[in-house]
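Student: Quick one: this structure, given as structure tokens, is what I'll be asking you about.
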Amino acid sequence: MKRPAGTGGRSPLAVVFLTVFLDLVGFGIVIPLLPLYAQRFGAGPVAVTWLVAVYSLMQFFFAPWWGRLSDRVGRRPVLLVGIAGASISYLAFGLAGSLTVLFIARAINGVMGANVGVAQAYIADITPPSERARGMGLIGAAFGMGFIFGPAIGGVLSRVDPAAPFLAAAALGAFNGVLAWFRLPESLPASVRATMPPRETGLRARFATLTGAGPRLRGLYLTSFITTLGLAGMEATLALWADRRWGLTQETVGYGFAVMGVVAAIAQGLLVGKLVKRIGERRSALLGLVLMAVGMAGIPLAPSLPLVLVAAAVFAMGQGATVPSLTAMISHQGGPAEQGKLLAASQSLSAMGRVLGPWLGGLAFAHVAIAAPYLAAAALALFALVVLSATLKTTTEAAA
């Protein structure tokens, strides 16, 4: 596909990478500090859990709508609105005077947080099918780098004032909005934008992509949901497990997340493209699921901290291979005018996995064993492997 006009000689891929990276740095600044900040307003463990989950819950309902809107009006306006919404929500966090305001700000962030799905659609617009997994890998690399720099910046600023990280995230969002306004071109030509009648904007229409999907798309969506469900349960209990098992502090756990972020960023930004060229998207996704299962099972079973880091690195490499390959395969299931709809539906399912995963992981941690969320996540990765293998085999045979 041709390069969008108005890039000023810059690759649109580089511009959208920078836009998503800055967006996720702000997200990374906020997330690690959110529970502690909420406790200043009297939030107990249950309230903190819901404060974390309300973002993903809102994304589940609203991400498909934003995706369909981006198919109609273009990616650029939707990305700009999402950046502005995130910045406003972070400002509300920093100026909040009650827990109610925190919940409202968090909900606004979730409602407006369509950037990842729309950015993936942007990548699909500007990359040929053979380069799509590499392009999606850059979005994954932006995730990894955002969660490397964001928590570190937030930790430093929290020493100044508890609200400082949130105000800094708001300022970063404002800068990102200005950058995107002047540097981010439109990727979807008006000639190929989908026309969506008003009757298709309701909730039922937003789920039509999921319920009306063909066998291959359903299998890919299910694989993505199962994988995210296990991941979210593992991530939500990691700090608790590290404290119970090894007596680690939150700061040390943050370093562990940084290590996984570095490995995931390298895997998704540098290795995925080469891996896909060598073995293809299907095998890359399947191999990634195997590595994820091995890594997630290895984390609680490792007899020493260095081996825990090795297991975490194996997991991160698997995630780096699986996520962009799955996303690329989903994007192949529709034409240019359907990319926003397809990828936003995938983002919506992932959001629901991030609502249910922490709840189920917490129950398993509290009532089964502290290793249970990780072993369950490994089992879910293997189940996703079976689902994906069966999906690819069945649909390939049907096509033949």
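Glycine too: its Cβ is placed from the backbone N, Cα and C atoms.
Not measured: the values here are computed from a predicted model.
Annotations per TrEMBL:
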TRANSMEM  12-34  transmembrane segment
DOMAIN    12-396  domain 'Major facilitator superfamily (MFS) profile'
TRANSMEM  46-66  transmembrane segment
TRANSMEM  78-97  transmembrane segment
TRANSMEM  103-124  transmembrane segment
TRANSMEM  136-157  transmembrane segment
TRANSMEM  163-184  transmembrane segment
TRANSMEM  220-241  transmembrane segment
TRANSMEM  253-273  transmembrane segment
TRANSMEM  285-302  transmembrane segment
TRANSMEM  366-388  transmembrane segment
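If you look at the structure here, what lies around each of the features I listed?
Tutor: With a threshold of 8 Å between CB atoms, the same-chain residues lying at least 6 positions outside the transmembrane segment (12-34) that come near it are 3-4, 48, 51-52, 79, 82-83, 86-87, 90, 93, 115-116, 119, 122-123, 126-127, 135, 138-139, 141-143, 145-151, 153-155, 157-158, 162, 165-166, 168-170, 172-173, 175-176, 179-180, 183-185, 187, 250, 254, 257.
Within the same chain, residues 19, 23, 26-27, 30, 37, 41, 66, 69-70, 104-106, 108-109, 111-115, 118-119, 122, 163-164, 166-167, 169-170, 172-174, 176-177, 180-181, 184, 340 sit at least 6 positions outside the transmembrane segment (78-97) and bring their C-beta atoms closer than 8 Å to a C-beta of that stretch.
Proximity of distant same-chain residues to the transmembrane segment (220-241), defined by a Cβ-Cβ separation under 8 Å and at least 6 residues beyond the stretch ends, is recorded for 52, 210, 213, 250, 253, 256-257, 285, 289, 292, 296, 299-300, 319, 322-323, 326, 329-330, 333, 345-346, 349-350, 352-354, 356-358, 360-362, 364-365, 370-371, 373-374, 376-381, 383-384, 387-388, 391.
Residues of the same chain lying 6 or more positions beyond the ends of the transmembrane segment (285-302) and with a Cβ under 8 Å from any Cβ of it are 223, 227, 230, 234, 241, 245, 275, 279, 308, 310-323, 325-326, 329, 370-371, 374-375, 377-379, 381-382, 384-385, 388-389.
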Student: Where else in the chain does the transmembrane segment (163-184) make close Cβ contacts, counting only residues six or more beyond its ends and a cut-off under 8 Å?
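Tutor: Residues 7-8, 10, 12, 15-16, 18-19, 22-23, 25-27, 29-30, 33, 37, 76, 79-80, 83-84, 86-88, 90-91, 93-95, 153-154, 157.
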Student: Find the average pLDDT over the domain 'Major facilitator superfamily (MFS) profile' (12-396) in the predicted model and report it.
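Tutor: For the domain 'Major facilitator superfamily (MFS) profile' (12-396), the model's average pLDDT rounds to 82.
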